[in-house]
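Engineer: Sharing the record's features from TrEMBL:
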- 6-185: domain 'Formyl transferase N-terminal' (DOMAIN)
- G15, T16, N17: N(1)-(5-phospho-beta-D-ribosyl)glycinamide binding site (BINDING)
- K68, M93, R94, I95, L96, N110: (6R)-10-formyltetrahydrofolate binding site (BINDING)
- H112: active site, proton donor (ACT_SITE)
- D148: site 'Raises pKa of active site His' (SITE)
Amino acid sequence: MVKKVRLAVFASGTGTNFQALNDAIIQRNLNAEIVRLVVDHSKAGVLNLAKVFGVPTTTIIYSHYLDKTAAEQAIIDQLESDQVDGILLAGYMRILTPLLINRYLGKIINLHPAMLPSFPGRHSILDAFEAGVDKTGVTVHFVDNGIDTGEIIAQEVVPIKKDDTLEQLETRIHHVEHVLYPNTLEKLLKEGVFLK
């Protein structure tokens, strides 16, 4: 029997991408399982989804630690205990330190709601909307020690219509995320990225 890839998902929000990833793993019978959800605040809506799916959770309140490195060492300790092979960032609103990145280098994947290298950072949908461009998109990329600078794995364009509201654009981007991220995960699993 082939070893299932053990994944951790890091999230800060409602968990729509966590659900899309988990659903894809189950429905497509992918050779993976989400063995840990890491969140950075106790009110993250994704915690409720984790209960539904039976995924163990870890809440790391960064202010409870001496510094960010200490908080991330606690995360690493948990991930090593869980024997995690790879990390999927799904709306995790923290910049990871080199300690965590280097421990899992080449095995941390991020979903970014823009066509990188355009519009990196936290407010990318708003930035693209206000820039007056006619398209933006979604990027899945490896995480390196820069901010949204890692190698691009997959991208999909999302048009910005002249009469769009920010909310309409956000909705279309999220729909693309919910398809692109699971499809990219499936590709990476077939390529054995997390087990190298």
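Just so it is clear, glycine is given a Cβ too, placed from its N, Cα and C backbone atoms.
Automatic prediction, not curation, is the source of TrEMBL annotations.
Relative to the rest of the structure, where do these features sit?
Structural biologist: For the domain 'Formyl transferase N-terminal' (6-185), the model gives a mean pLDDT of 96.
N17 (N(1)-(5-phospho-beta-D-ribosyl)glycinamide binding site) carries a helical DSSP state (H, G or I).
Within 10 Å of the C-beta of N110 ((6R)-10-formyltetrahydrofolate binding site) we count 23 further C-beta atoms, all protein chains included. When secondary structure is read from DSSP and collapsed to three states, N110 ((6R)-10-formyltetrahydrofolate binding site) falls in the strand class.
Of all Cβ atoms in the shown protein chains, 21 besides its own fall within 10 Å of the Cβ of H112 (active site, proton donor).
Summarising the environment of D148 (site 'Raises pKa of active site His'), the number of other Cβ atoms within 10 Å of its Cβ, over all protein chains shown, is 20.
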Engineer: Select the closest residue to L96 ((6R)-10-formyltetrahydrofolate binding site) from the following recorded positions, measuring between CA atoms: G15, T16, N17, H112, D148.
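Structural biologist: Nearest in space to L96 ((6R)-10-formyltetrahydrofolate binding site), counting only the recorded positions, is D148.
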Engineer: Which residues of the same chain, at least 6 positions away in sequence, have a Cβ lying under 8 Å from the Cβ of G15 (N(1)-(5-phospho-beta-D-ribosyl)glycinamide binding site)?
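Structural biologist: G15 (N(1)-(5-phospho-beta-D-ribosyl)glycinamide binding site) has long-range Cβ partners A44, G45, V46, L47, N48, L49, A50, A90.
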Engineer: Consider the recorded positions T16, N17, H112, D148 and say which one has the Cα lying nearest the Cα of I95 ((6R)-10-formyltetrahydrofolate binding site).
Structural biologist: D148
Engineer: Please report the Cα separation of M93 ((6R)-10-formyltetrahydrofolate binding site) and H112 (active site, proton donor) in Å, rounded to an integer.
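Structural biologist: That separation, Cα to Cα, works out to 11 Å.
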Engineer: Determine which residues of the same chain, besides G15, T16, N17, have their CB within 8 A of the center of the CB atoms at the recorded N(1)-(5-phospho-beta-D-ribosyl)glycinamide site, and list them by sequence.
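Structural biologist: Everything else in range on the chain: A11, G13, T14, F18, Q19, A20, V46, L49, A90, G91, H178.
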Engineer: Specify the nearest of the recorded positions K68, R94, N110, D148 to T16 (N(1)-(5-phospho-beta-D-ribosyl)glycinamide binding site), where nearness means the distance between Cα atoms.
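Structural biologist: Going through K68, R94, N110, D148 one by one, the Cα closest to that of T16 (N(1)-(5-phospho-beta-D-ribosyl)glycinamide binding site) is N110.
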